[in-house]
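Report on one structure; see the data block that follows.
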Amino acid sequence: MSRTPIIAGNWKLNMNPKETVEFVNAVKDQLPDPSKVESVICAPAVDLDALLKAAEGSNLHVGAENCYWENSGAFTGETSPAVLKEMGVQYVIIGHSERRDYFHETDEDINKKAKAIFANGLTPILCCGESLEIREAGKEKEWVVSQIKADLEGLTSEQVSKLVIAYEPIWAIGTGKTASSDQAEEMCKTIRETVKDLYNEETAENVRIQYGGSVKPANIKELMAKPNIDGGLVGGASLVPDSYLALVNYQD
């Protein structure tokens, strides 16, 4: 089973529409063929329109950084997955550690979002990962497995086959500590085994698993050489055209 690698930039709360267009213009002619590597940028909601228009006709795929689990209604400040689909967005990040931590999103919330995203024909990029405290207590696998089980509750094997899961060790984000490629591979393997236990081998072989935790041009090749790592969810390095291009063109 050969899984198409997927490198997704997560811009977080950075970039305005003008900078977005400048970024796309700088990268769009140098992106790999999507059958070789899928290049994605997940941008703030206020930049999505500019991003989609600028990326039109290129190999750049567009993702949102969040959405709500209802398509419409009295939910001030939320983003509709149905409207994201209508706009041409393909991916939505859910369960990011910043959403879990700062906005107190629970696995139940994330599960509802996953169902709504699939119901609207979009693909979730589901984040999971442990804190330093949990890692130091030796409970990281237990923690991540419990997240995956709760987040995938009620999803079909057909849906999970299309899913992207991003492992982000929270302790390796902005702490100066880095997960080694072996540590990253070990957890990505555990995630794949968990999907196999919950569903079946075929589903586990289809699901694409990214590593997210200080991914940069200097370590992308080493990470992508690992059998269970199918891509990267990239923060800071995705904001600069040159480093983003170095990441998506890591095979060259």
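Even glycines carry a Cβ here, placed using N, Cα and C.
Swiss-Prot lists H96 with the feature active site, electrophile, giving sequence analysis as the kind of evidence. According to Swiss-Prot, the feature active site, proton acceptor maps to E168, an assignment based on sequence analysis. The annotation substrate binding site is assigned in Swiss-Prot to N10, W11, K12, G174, S214, G235, G236 on the grounds of sequence analysis.
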* Structure fact -> Those binding-site residues from N10, W11, K12, G235, G236 that fall inside 10 A of the residue listed as 'active site, proton acceptor' by CA distance are none
* To do: Round to the nearest Å and give the CA-to-CA distance linking G235 (substrate binding site) with H96 (active site, electrophile).
  => 12
* Quick one, of the binding-site residues N10, S214, which Cβ has the fewest other Cβ within 10 Å? -> S214
* Asked: Are there any residues in the same chain, six or more apart in sequence, whose C-beta is under 8 angstroms from the C-beta of K12 (substrate binding site), and if so which?
  -> P44, E65, E98, G235
* Structure fact -> What DSSP gives for S214 (substrate binding site), in three states, is coil
* Asked: Hey, which of the binding-site residues G235, G236 is the loneliest by Cβ count within 10 Å?
  -> G236
* Asked: When neighbour density is defined as the number of other C-beta atoms within 10 angstroms of a residue's C-beta, which of the recorded positions W11, H96, E168 has the lowest density?
  -> W11
